[in-house]
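Sharing a structure below in C-alpha cells format, with a few things to ask.
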C-alpha cells in the first residue's frame with residue numbers, strides 16, 4: 001500500500017479575494033499600447049497607472065484612499081510627448097516615480113503627499129541619451145538614486161538621478177532588451193533580449209560575465225533574480241507554449257527546472273515576493289494568477305494554487321510588503337487592470353485563527369531607507385538592502401502603515417540631491433538646466449547646502465486665517481450676485497410696463513409725444529447753449 005505525502009508549507013492554503021467594487025478604482029482609461037509592460041506601479045502611498053492621453057503620454061497617480069469612480073478630468077502626470085511605456089516607483093522615496101516613453105526620454109517626477117491637484121508637466125529630472133523609445137525603467141535595490149533604463153536602441157544606461165549623470169553605459173546587446181533585474185544586493189544584472197539569450201553583467205563596468213539561450217520561442221521573455229541567487233525566467237518554446245525555468249547563474253545553459261504551462265499568447269510577468277519566496281505569474285490577457293513557492297527541495301518550484309477571475313487583465317501591480325495588512329495575514333496585494341476600466345484590488349491571505357502578529361509569515365522586509373549612496377556603489381561597495389520588522393516599526397491604520405522615516409530627507413554626500421522628500425506636501429516645478437546628460441530643476445535642490453533661504457512653512461493659525469478670508473470673499477461675491485440679479489429683474493419689469501403703456505396709447509398719441517420730445521430737445525439745447533456761454537465768459541474773465 002502506498003501513501004501520498006502532502007508537502008508541508010505554511011503557504012499551501014493561500015487564497016485570493018477580490019475587494020468589492022466600491023473599494024476598487026473605476027473609470028480608468030488604461031493604455032492601449034501594444035508594448036509588453038505591466039502598465040501599473042504601486043507603493044504604500046500611491047497607485048500609478050499608464051493611461052490613454054491625447055497629445056502625448058501620461059499616467060495617473062491616485063492616493064490609496066481615493067477609491068470609487070475616478071473623474072474623467074482627474075489630474076495626470078503628462079509631460080511626455082509620446083505614449084508612456086513603463087513606470088517604476090523609487091524604493092527609497094515613496095514620492096518619486098520614474099517613467100520611460102516613446103519620446104526617447106526618461107523623466108523622474110516628485111508627487112506631493114496628498115496626490116495631484118492639477119496636471120503635472122514639469123519633471124524633477126529629464127535624462128537624455130536614448131535614440132529610440134524607452135521601454136524599461138528599473139531602480140537599484142540598495143543604492144540611493146540609481147536608475148536603469150533600456151530602450152529600443154539596444155542601449156542600457158545606469159544613471160545617478162540625484163545629479164543627472166550617466167554612471168554606466170552598456171551597448172553590447174544586439175537587439176531590443178525585454179527585461180532587466182538586479183540581484184539582491186545590486187552587484188549583478190540579468191537581462192533578456194530579442195535574440196532569445198539571457199545575459200549576466202557586472203553593472204558597474206558593463207562587462208558581460210555569461211550568456212546562454214533562454215527560451216527557444218520568438219516572443220518576449222522575462223528573467224528575475226531570486227533572493228538566494230537563482231534566476232527565474234518565463235518565455236515560450238518553439239511551439240508557442242508558455243513555460244518557466246529556474247537556473248543557476250554559473251550554469252545558465254542547464255536549467256534546473258523547465259516546465260510547460262499552457263498555449264496562451266500573452267507574455268507572463270513574474271512578480272516575486274522575496275520575503276516568502278513566492279512567485280506570482282500574471283499573463284497579459286489572462287484571467288488567472290498562478291502562484292508558486294520556490295524551495296531547496298525538488299522539484300524546487302512548487303505549484304500552490306490559481307486565482308481565477310472572469311475578466312482578462314490588461315496590466316497588474318504588486319504592493320510592497322510595507323503596504324500589506326498584517327492584522328489579516330495578508331501576504332500580497334495586487335492591483336489588476338481590466339479592459340473595462342476597472343482596477344481590481346486582490347488580497348492574498350493565509351488563513352490563521354489568531355489575531356496576533358504572525359512572525360513566520362512576516363520576516364524582516366525591505367525598508368524605505370537606502371543602504372549606500374550612488375557614489376559608494378559605483379566605487380565598488382556592495383550592501384544588502386536595509387530590512388526591518390513590520391511588528392516593530394509599522395503602525396497599522398486601517399490596513400495601511402505609518403513609516404518612522406516619513407519626514408527624513410534624502411541626501412547625496414558629494415553633490416546636491418534633487419530628490420528631497422517633499423516638505424509640507426510640496427511638489428516640483430520649474431524649468432531645468434542641463435548637467436552631464438541630465439536636465440534637472442533647481443527648485444528641489446537642498447537649499448541648505450547652497451546657502452539659500454529655507455522654505456516658508458505656514459502655521460495652522462495662518463492657514464485658518466487664510467481660509468476665513470476666502471470664506472468672507474466668497475460670501476461677498478454671493479451677496480453681490482444676488483443684488484445684480486434683483487436689479488436686473490427690476491429693470492426688466494420696468495421695460496415691460498413702458499411697453500404696455502405704449503401699446504395702450506396707440507398711434508393717436510404719437511404727435512403729442514413727438515412735440516413733447518421736440519420741446520425737451522429744445523430745452524436741452526438751450527441749456528447746453530447757456531452752459532457753453534457761461535463757460536466762455538468764465539474763460540474770458
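Cβ coordinates are placed from backbone N, Cα and C, and glycine is handled just like the others.
Remember, it's a predicted structure, so these values are computed and weren't measured experimentally.
For 456-490, the entry in TrEMBL reads coiled coil. Per TrEMBL, the feature compositional bias 'Low complexity' maps to 431-452, 507-525. For 528-541, the entry in TrEMBL reads compositional bias 'Polar residues'. Annotation comment: TrEMBL describes 4-68 as domain 'DUF1899'. Residues annotated as region 'Disordered' in TrEMBL: 417-456, 491-541. The annotation repeat 'WD' is assigned in TrEMBL to 77-119, 127-169, 170-211.
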Go through the chain and flag residues at least 6 beyond the ends of the repeat 'WD' (170-211) whose CB is under 8 A from any CB in it; none is fine as an answer.
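Sequence-remote neighbours of the repeat 'WD' (170-211) are 36, 135-136, 138, 140-143, 146, 148, 150-152, 154-158, 217-218, 220-225, 227-229, 231, 233, 235, 247, 249-250, 252, 274, 377-378, 380, 382-385.
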I'd like to know the mean pLDDT over the repeat 'WD' (127-169).
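Per the prediction, mean pLDDT sits at 95 for the repeat 'WD' (127-169).
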Looking only at the domain 'DUF1899' (4-68), what are its DSSP counts of helix, strand and coil residues?
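Tallying H, G and I as helix, E and B as strand, the rest coil: 3 helix, 24 strand, 38 coil.
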